[in-house]
């Protein structure tokens, strides 16, 4: 209840004082545009509303966004931030719409206004990927594409953090371009890793030369590793998982010391910065996703000692000195440690993790709460505040805190509860759990990726199977011709005829108790995706 109250204190003041700007400025009770001009906090907070159970406000905001958000604007936007916050937020809200009682279109989840908005935003980002290496520029103008003088230097995370949103878009819309560019970028980073298996912090996307050669798990690299694991789970993709496991070995070999992770030179493995960054606190949660819970807990407890020392995680913490780093003493209400606590609590039920959650609620309320919301902590040593409330406070920090304390939330569904949705491509199962959070904590339902078999060859496969099935039942052969569009043609009529002839027989047959299109043939491990399970060879 306290977390819920925190959410509404921040959310209502955003609506009152800052909307339609991107973010609330809580000390002056006004708003500012930061990452574009998208009413960003509203998009970022949308799925949190549903997780808190507020369906009426969810429905209202969906209507507001459809009417008010325009991506045809002359704004230079971060490709990375627009993807994780805007595209991710809209996709998640689109997939949760029906659960929130929104009247969805006939073709949902393969169509819908929020999906069209997500696709429009993502298309605005595509020009950034038109480089010799396939690695994207960091910034794009939403109206004109990449500016002529744009710097070709992008951070590793800004290249490798697209597969979750872009693959989801490709599967829902049937347009492979999104997943293709995301995969190409991921593979380009993999190809350019050092001989000892590490990647640096910033790379030139034209020449593929590393500009910043610090290797670690924190800022500038973090969500690349996260998306290899989450992409592998979402897409049941062994190649992505094996890439991560190779990196994981190198990270353990060169950067791990006493359950802390340092920064090292990517070619030599020598320590360059003995620093813990607050952004690294996602790592124990990621380790729990691949089943490495013991190591995850040990690292988590190290990070928790820093939290207890300051009442928050400073952006940089000098490990040997045990204190903050100059000009990096702030805590902008980041979610990463709470995110790891949420994952680890699901895995272990260790009450220490709930204590971290309680400490977070206490500190944020005590230090950061002001009349108009919650303010970034500028300095954890003297609790000075900054006039900013980042949109991730409502998208991530509050959401992970709430989910830590709400074991019965629909997000934690173990597959025992689900709904069957009829789409133009047959039936599919949705809301069975196993949600994959993007790096802005927007949950994607992995089962939805199997709902919209728009790719032509997949459609043909299903049609061919149907025709073969009916031709066998009729015990007469007929030649399969490729129908001009959507299987409309003589053969399609044939199979329709067969279907009505045999309808009575089908109802009586135990073997055919489901609609023929209900389950496109899938490999065993992709069926397991419904429960969100990942099985590695060594388990």
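Cβ from N, Cα, C; glycine included.
Listed in TrEMBL for this protein:
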ACT_SITE  81  active site, proton donor
ACT_SITE  222  active site
ACT_SITE  315  active site, proton donor
ACT_SITE  336  active site
BINDING   439  Ca(2+) binding site
COMPBIAS  482-496  compositional bias 'Basic and acidic residues'
REGION    480-520  region 'Disordered'
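Annotated features taken from TrEMBL, shown on the structure.
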{"residue": "81", "record": "active site, proton donor", "Cβ contacts under 8 Å, 6 or more apart": "35"}
{"residue": "222", "record": "active site", "Cβ contacts under 8 Å, 6 or more apart": "157, 279, 280, 282, 439"}
{"residue": "315", "record": "active site, proton donor", "Cβ contacts under 8 Å, 6 or more apart": "277, 278, 279, 325, 328, 329, 330, 331, 332"}
{"residue": "336", "record": "active site", "Cβ contacts under 8 Å, 6 or more apart": "278, 279, 280, 281, 282, 285, 313"}
Cβ atoms near the residue listed as 'Ca(2+) binding site' (within 10 Å, other residues, all chains):
25
